Structures are given as C-alpha cells and as structure tokens.
C-alpha cells in the first residue's frame, strides 16, 4: 500500500482563492480590503524567507500589506511602541511579529502586547484560552491549517486515537486542543515521554512537530494511519526532509503529508484566513 498524498500546496491555493474572492466582493461593496502588518526584527535568513512568502500571499489576495523591517539591535520599548501604533491603526486587522526574535527581547511580553483581535498568529493567551474552552476565535495558524488538511481527506476522524509528538506553544499544544475539539482521543508526547514508540504505534492519526530530521522511524507508523509531518529540516546534502522517515511511512499510512509541500503552505494560508476573519468579525 502506498499512502494518499495530502497536497498542502493545492489546498492552500484553494484557500487563497476563496479569500481573494471574498476580498473582491468587499471592495465591490465599497468596503476596505483587510490589512496585515508584518514585523521582522533582524536578518535571520529563514525568517526573511518566511516573511517574504507571507507578504507575497497578502498581495495575491488583495490585502493591504504593511512591512516593518527593524534592525537586530531594536530595543524592546521601540518594538512595543510600534505594536501599540499598529493596535490603533484602523487599516490593520492583523499584526504578525516574526519569530524567533533576537536575544534580549521578551517574546512573551511582545506577543501579549498585540490586541487579541489582531493576533492573527493565534499565539495570545486570550486566543489559546478560547480554544481550550471550546470557543475558538483566532486560531493558531499551523494547527488550524492541519485541521483543513485533515478535512480534505474526507476521513471521519472523530473518535480516532490521535498522537501529537512535540509540545511547543506554536504547534504541539494548540494542535492537541484542536484535536480534542474535533473529538479525537488525544495523547501528547514530549521530551520526558517514556516509550515513545509504543505511543506512536497506537496512533490512528499522528502529528509530528519536533524539528529533528526523520526522528520517527517509518516502521513505527500504524497500518492505515494518517500522518501529518510538520517538520522541515535541511540535511547536509541540501535535501529537505520532515520529522518522519517518509519513504517507509508512506508504505504503511493511508494518508501522509509530503515535505516540502504539506503543512508549510497551509500555515500561510491560515494566516490569510485569520486576517480576513479578524477584519470581518472584529473591525468592520
């Protein structure tokens, strides 16, 4: 058996097209286009690539896009003042501060400064709390995108045993909340988990987000499972691989996301969806 590929690029394109259509309708009704402000501090090469893709996606769907590229030595106070300005900017519906930030900047303090209704990354404690209480507002982008990918398979995943490997604030923890909301029986594995293999082998639905190349051997994957690989790792050879040993896993899984072209495009698509939602729900 060879797994069905969950094509994140194609699904993300559909999402962007739907958003672009809605933006066109708004403009035709003399309503303003949604606005997204992207803040980049420093010259981290990976961050520059990610920010570039987000800005490009904004332009494609017709958003107002404002960019703020700040030097690495930017003070925390300067960054907080910029966020305050954007919180009060009526053309801006979403504020994104690209992570990681340079050393010396308090990430928690900075992210919490963003007003929750403009927190289109979904990282603010208010938005995470809403998700935990089964009243989601603006949802974290990567987990939200993964739910869209799962829905695309047509598989009824309510009641499935879902295993999330990785417990970061950005992916693992909110992913577990999304899966609970969807009706899965959910296990979260992390660096202190004993006998990881046993947990993984039981997973009907496996989500891996640890940032380590081929960390999960493919033969651990349960026959017929759905595998969502969030990782994207560059080997010394230059090849990009995920956190799961793909070549073996695809022979056992029923559905699997490729790397690249799986989860990554959906993260940006979800950001675009969140910005439109923030505009229409909170700022129109």
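The backbone N, Cα and C atoms fix where each Cβ goes, and this holds for glycine too.
Taking Cβ-Cβ distances under 8 Å and a sequence separation of 6 or more, the neighbours of residue 166 (NADP(+) binding site) in its chain are 172, 189, 190, 207, 208, 209, 210, 211, 230, 243. Under the heading NADP(+) binding site, Swiss-Prot lists 166, 167, 168, 232.
Around residue 232 (NADP(+) binding site), the same-chain residues at least 6 positions away in sequence with a Cβ under 8 Å from its Cβ are 240, 242, 259, 260, 264. Residue 168 (NADP(+) binding site) is surrounded by 15 other CB atoms, counting those within 10 A of its CB over all protein chains shown. Long-range Cβ neighbours of residue 167 (NADP(+) binding site) (same chain, at least 6 residues apart, Cβ-Cβ under 8 Å): 173, 176, 188, 189, 190.
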